[in-house]
Amino acid sequence: MGFVPMAPLLADAKKDSYAIGQFNINGLQWAKAILAGAESQQSPVIAAASDRLIDYLGGFQTVVAMMGALTDELGITVPVVLHLDHGLSIERCKKAVDAGFSSVMFDGSHYPINENIDMTKEVVAYAHAHNVSVEGEVGTVGGMEDGLMAEIKYADVEECQRFVCETNVDALAAALGSVHGKYKGEPKLGFNEMAAISASTNVPLVLHGASGIPDEQLQRAIKLGHAKININTECMIAWSDACRTTFAEQETAFEPRLLLQEGLAMVQATVEKKIKQFGAANKAAGSASLQRR
């Protein structure tokens, strides 16, 4: 079947005011749950592997081979984007492109804006030459991401405008108050800044750290141009809670397939719930003609 680039999917989502969910792969069974959830809802889906998890999953080529085989064996018909999340370097992004990923994120948000722009431009030039989409980041999303703690640094409107103009990225992750991991208290997104950035850049925005954000805020973010919403912690909590219950109720069981079954079912259920919440259900039909890698 092949993977589709992210850019045209996000353009459609932004135009029609819905968002496509990004769900992180944490192994083969998780990938099956994500794909099955998207297929059941007839929604495009972004299956992501964070750079710090690539080696755990077996490497770039292993991830591409696994996801390609699964989409074929499971008869997946909806558009699937295979995305590198939080690419750590230019070289790692290029490796993902060469391996067959259809989208990459270069995370240069920890660098000064000039360096972030220069490095992102190099990634964009290489990726676009291979029909691969690119997401960039300005500002810093707080919380824990793959073992690294980051403080929130709000994106600057003028820096975002300059970043998009000079790099030609397909999507922008602008840090606006969300955090990776669990929230302490109710999340408070910067909607005034969000509106200004959306108006000045005119590219699809990406909301990182969306697990746990109330629906009212998510819907407002979608209306203000967020066409991609990243969910990982919510799936992990659903999985771990279900697995803990299974282990407690079946103390003598030892077969992994049975012990993990309910947890994986909860991952799929969470994917389906978020797709509906984002308004992406039944949006796959208009994407059949997309060029695939």
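The backbone N, Cα and C atoms fix where each Cβ goes, glycine too.
According to Swiss-Prot, the protein has these features:
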ACT_SITE  Asp85  active site, proton donor
BINDING   His86, His180, His208  Zn(2+) binding site
BINDING   Gly181, Gly209, Ala210, Ser211, Asn230, Ile231, Asn232, Thr233  dihydroxyacetone phosphate binding site
MOD_RES   Thr233  phosphothreonine
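Ranking the binding-site residues Asn230, Asn232, Thr233 by the number of CB atoms within 10 A of their own CB puts Asn230 at the top.
Its Cβ placed at the centre, Ala210 (dihydroxyacetone phosphate binding site) has 28 other Cβ atoms within 10 Å. Using a 10 Å Cβ-Cβ cutoff, Asp85 (active site, proton donor) registers 26 neighbours. Distances between the Cα of Asn230 (dihydroxyacetone phosphate binding site) and those of the recorded positions Asp85, His86, His208 are shortest for His208.
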